[in-house]
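Beneath this line is the structure, given in structure tokens, with notes to follow.
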Amino acid sequence: MEEVRVFPLTCAVQNYAWGKIGLDSEVAKLVVGGDPVAVIERDKPYAELWMGAHPKGDAQIKDNRIAQTTLGQWIAHYPACLGSKVKDAFQGQLPFLFKVLSVNTALSIQAHPNKELAATLHAQFPEHYPDNNHKPEMAIALTRFQGLCGFRPVDEILGFLQAVPEFHALVGRDAAEELRSSVGDEVRTGRALKKCFTKMMSCEKKVFVDELNELVKRVTQEGAAGKDTSSSNGDLLLRLHSQYPGDIGCFSIYFLNYVVLEPGQAMFLGANEPHAYIYGDCIECMACSDNTVRAGLTRKYIDVNTLCEMLNYKPASASSKIFPCVPDPADPCVTLYDPPVPDFTVMKIQVPASVKDYTVASVDSASILLVIEGDATATSAAAFSDVTLTRGSVLFVSANESVSLQVTSQSGMTLFRACSLL
């Protein structure tokens with residue numbers, strides 16, 4: 001019998017401590033939707049759903065006619081399923097990892113290296129940098145999603161240096177003055193910003209913990225007295241400090257943009273872009289790598305020197321961090337999130353209530369399909385039998401295969417699809 005080339009997956013769940021708890025988590029809700037007998041523990045965090053072939057969370061194949069048990073094993077047997085361009089460009093590997101994240105407490109402030117730096121770091125410190133790949137990533141909000149991303153415009157940073165004496169103390173008078181006098185000269189501003197950030201990140205622990213305690217005490221008192229603490233970014237400061245007391249990352253809110261994504265909005269995080277996710281649920285797609293250089297809001301290894309050397313010190317507004325999506329000219333139901341890297345593209349497919357028969361078009365790349373809302377019966381010449389799709393269902397679709405959906409829900413369907421469009 002010819003091999004099955006379209007099949008459902010059971011995906012790996014990661015129960016990291018920062019995840020939303022029990023059925024508050026979008027991840028948990030999708031898991032239950034996709035597998036009604038799955039047991040969700042009420043007090044356990046459900047942080048990430050991994051849809052892909054990463055060795056730390058390789059998806060299980062839900063089709064007993066297939067000899068291989070995981071997606072990674074199956075792709076190794078049938079690399080042609082990737083599509084010839086993708087197979088050649090990415091050495092027979094699925095180039096992306098597709099995820100759902102449910103964030104309850106902040107993830108560490110981090111950046112991901114470009115390919116060149118990744119190779120160097122992996123060679124020098126394989127215990128901290130497990131592979132030699134870059135890790136661009138994109139987050140698409142499912143619920144209102146909050147994060148930190150990229151350096152703020154200089155006038156905002158200067159405003160905080162003036163309004164927050166504890167922050168000024170860590171940066172120091174010289175570096176702060178250098179930043180102030182660099183305004184208008186892009187090259188000098190970048191250098192001065194790097195100096196300021198490096199100075200703060202290199203502070204002795206006792207020094208910054210004392211300043212942080214002082215700041216938290218002052219903001220708490222001002223808040224209790226009914227004063228507006230927004231000039232010290234008070235609400236966010238207290239929230240992060242309650243999650244990571246005594247952590248240098250609490251001061252990074254004065255350097256980095258606070259970005260809020262409404263559902264359907266996205267941010268793209270290229271190499272060397274400092275970022276942290278703070279709260280909410282999102283779809284995430286990334287190149288297949290685990291390389292992360294951390295800067296704070298973490299109890300893990302912080303590599304201050306590497307981080308301060310690698311970052312992109314280009315100030316920009318929070319609104320510029322929202323990545324534009326474009327309608328697919330070939331299909332009114334599809335919105336494309338197409339980042340400036342070859343590793344992945346994400347499509348949002350919204351089938352309106354009026355449409356009962358919809359074809360997921362073939363693309364020249366393996367793709368992974370996730371149902372967020374709605375029900376359908378999926379048929380494909382490459383599946384040999386119908387697949388029932390419901391909220392939380394995940395389908396692997398080999399390159400150049402199309403899938404027909406007979407929509408059974410009253411209010412249409414919402415799906416996300418990840419692939420690599422070379």
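Using N, Cα and C of the backbone, Cβ positions are placed for all residues, glycine too.
The active site annotation in TrEMBL covers Arg294. Annotation source TrEMBL lists Zn(2+) binding site at Gln110, His112, Glu137, His275. Annotation source TrEMBL lists domain 'Phosphomannose isomerase type I catalytic' at 6-154. What TrEMBL lists as domain 'Phosphomannose isomerase type I helical insertion' is 172-256. Residues or ranges marked as domain 'Phosphomannose isomerase type I C-terminal' by TrEMBL: 336-377.
Sequence features annotated in TrEMBL and their locations in the structure.
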{"residue": "Gln110", "record": "Zn(2+) binding site", "Cβ within 10 Å": "24"}
{"residue": "His112", "record": "Zn(2+) binding site", "Cβ within 10 Å": "25"}
{"residue": "Glu137", "record": "Zn(2+) binding site", "Cβ within 10 Å": "23"}
{"residue": "His275", "record": "Zn(2+) binding site", "Cβ within 10 Å": "23"}
{"residue": "Arg294", "record": "active site", "Cβ within 10 Å": "22"}
Should anything in the same chain at least six residues away from the domain 'Phosphomannose isomerase type I C-terminal' (336-377) have a Cβ under 8 Å from its Cβ atoms, list it; otherwise answer none. 9, 30, 33-34, 51-52, 75, 81-86, 89-90, 94-96, 98, 100, 134, 136, 138, 140, 142, 264, 266, 268, 270, 283, 285-288, 323, 325-328, 330, 386-422
Residues flanking the Zn(2+) site, with Cβ no more than 8 Å from the Cβ centroid of Gln110, His112, Glu137, His275 and excluding those residues themselves: Ala111, Lys135, Leu269, Glu273, Pro274, Thr292
Length of the line joining the Cα atoms of His275 (Zn(2+) binding site) and Arg294 (active site), in Å: 10
At the level of the C-alpha atoms, what whole-angstrom distance separates Gln110 (Zn(2+) binding site) and the residue listed as 'active site'? 4
Alpha-carbon distance [Arg294 (active site); His112 (Zn(2+) binding site)] in Å: 9
Provide, as an integer number of angstrom, the distance between the C-alpha atoms of Glu137 (Zn(2+) binding site) and Arg294 (active site). 16
Can you break down the domain 'Phosphomannose isomerase type I helical insertion' (172-256) into helix, strand and coil residue counts using DSSP? 65 helix, 1 strand, 19 coil
Quick one: mean pLDDT on the domain 'Phosphomannose isomerase type I helical insertion' (172-256)? 97
